Amino acid sequence: MDKAQQDALKKAAGIEAAKLVENGMIAGLGTGSTVKFLVDELGRRHQEEGLEFTGVTTSRRTQAQAESYGIKIVDIDDVDHIDVTIDGADEVDKNFNGIKGGGAALLWEKIVATNSNQIVWIVDESKVVDTIGKFPLPVEVIPFGAGHVIKKFEACGYKPVLRLDADGKEVRTDENNFVVDLHLERIDHPQELAEDLINTVGVVEHGLFLNMVDKVIVGDPNGPRVMTNANK
């Protein structure tokens, strides 16, 4: 699948997911290449159809994109609930376990998700896998002592790599933390790994989102299809 085909599937999923946002809602808006198409469609509906809703974003770049369309964006602490959050995912399996954080927004994404009545992910078909872990698992760590955290990950066999930008500088999250990517190839026991990571001093959050999502909208060549989590 080339990039143009992949983008077409992402766009289709984003447009389908935008239908979930209705007048008067408080909607969580995620981060990433697929969410960009979602926000474009919500912006179109706002400007052309008069859709009025309030957004809570998981990154400053999503906030900037939404506000460019005139969409009202507020801080998460200014609302008492979020009706639905629509976000992307880097991988998701049949058990609705996922990896997120490829865009370095995992902490804000998880905060918004855990305060949402409904969580929906939008992905292209390449993101649906049998076992998560092929995509590097992002872990947000504070800069102080990050080298020691990386050494601990190395000792565990996690194959950690500090994420750098195109200029060779450390990627910083919106909270000014570092991102360490774990190259695990596959994760057979995600719950155990999640507990191990979050209990590591210096770790702020990890990109394992386990059985959190209610629905996954998959961009498919035959049209968007929906995976519904029966356990939610």
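Keep in mind that glycine also has a Cβ here, set from the backbone N, Cα and C atoms.
Per Swiss-Prot, active site, proton acceptor is recorded for E109. DSSP assigns E109 (active site, proton acceptor) to a helix in the three-state reduction. For E109 (active site, proton acceptor), the same-chain residues lying six or more positions away in sequence with a CB closer than 8 A to its CB are G30, T31, T58, D87, K100, G101, F209.
Here Swiss-Prot flags T31, G32, S33, T34, D87, G88, A89, D90, K100, G101, G102, G103, K127 as substrate binding site. In the three-state DSSP reading, K127 (substrate binding site) counts as helix. Note on K127 (substrate binding site): other Cβ atoms within 10 Å of its Cβ, all shown chains, come to 25.
Mapped onto three states, the DSSP output places S33 (substrate binding site) in helix.
Residue pairs drawn from T31, G32, S33, T34, D87, G88, A89, D90, K100, G101, G102, G103, K127, the listed substrate binders, are separated by up to 15 Å at the Cα level. Those same-chain residues not listed among T31, G32, S33, T34, D87, G88, A89, D90, K100, G101, G102, G103, K127 yet with C-beta within 8 angstroms of the centroid of the substrate site C-beta atoms are G30, V35, V123.
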